[in-house]
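Worksheet for the structure shown next.
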């Protein structure tokens, strides 16, 4: 009787492990492109003022050491990587971390990238980057073209580790997480001298979607196939925007949010049209709704355990001394969500990604 039970258990184990093996093949890696929402430290290796490798950034990160991430801990790409990998582990396993779940997504420009990280994902993103050609030049960060160039270098390294055939398969099945538009709207268009004088918001947002499509097409031409394209966050509700334009009640900036919504609407519509298009044959796309997800947290912050939705925890005139508990703040600094805010919105968004790209 005991032998029968053990045999049945062994068969079930083999069955479920085989299912998990197939599922793990679905998304072998996470490759992140774009801006500071998904930059894990590439700007550390650039001559730019756009850096997050100093105190108080990284306060809640491992060993409390700043890594170049713009926040108190993990950024959105890290959190997505954790959830994707966790959800793909066999449910028999108690200690997921002991199995080597990807707890962080390393920056591609790090001086050393372990072969295991090449196989499971890196970030090519650069804080301050944008698809408008002016944005990255203005802030001296990695442009979309620079990130595509790094992507090509990554592919060469990956081939050296796993071989040409497997490298091609990994790239084609990886989640390609793209975050663009935030700096284009929030800095280049809204603040840069020429921005609003040259074109209307509606014309500019249409151009942004076109530039984003070109960036994604460049990635597609180099083997990427599964794209999770992030919309912009509610830029009018950033602590910086509230402080400058919010008046006595520190309200959200209506115009900035209207432009953000218009861009997101056009991006979402564009993504629908790209599916099945001849120039994107075999590609899959999913829209990642950052705007409404974060706005829900802002509007219902107490429900999610936050007490501060208007001000950042640090790095502002209203927070020269960092707060004692970043988990109580939706935003860590003047423009970037806290790690807890990312974690709060990520679970639902990752489910959308898995469903849309499966």
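Cβ atoms are placed via backbone N, Cα and C, with glycine included.
Summarising the annotation, Swiss-Prot assigns active site, nucleophile to 36. The secondary structure of residue 36 (active site, nucleophile), as reduced to three states from DSSP, is coil rather than helix or strand.
In the three-state DSSP assignment, the secondary structure recorded for residue 333 (active site) is coil. Note on residue 333 (active site): other Cβ atoms within 10 Å of its Cβ, all shown chains, come to 25. What Swiss-Prot lists as active site is 333 (among others), and the listing cites similarity to another entry.
Here residue 336 (active site) comes close to 36, 37, 70, 71, 75: these same-chain residues lie at least six apart in sequence, with C-beta atoms under 8 angstroms from its C-beta. According to Swiss-Prot, the active site annotation covers 336 (among others), on the basis of similarity to another entry.
The N-linked glycosylation site annotation in Swiss-Prot covers 24 and is backed by sequence analysis.
Swiss-Prot lists 1-21 with the feature signal peptide, giving sequence analysis as the kind of evidence.
Residue environment of residue 36 (active site, nucleophile) contains 26 other Cβ atoms, counted within 10 Å of its Cβ in all protein chains.
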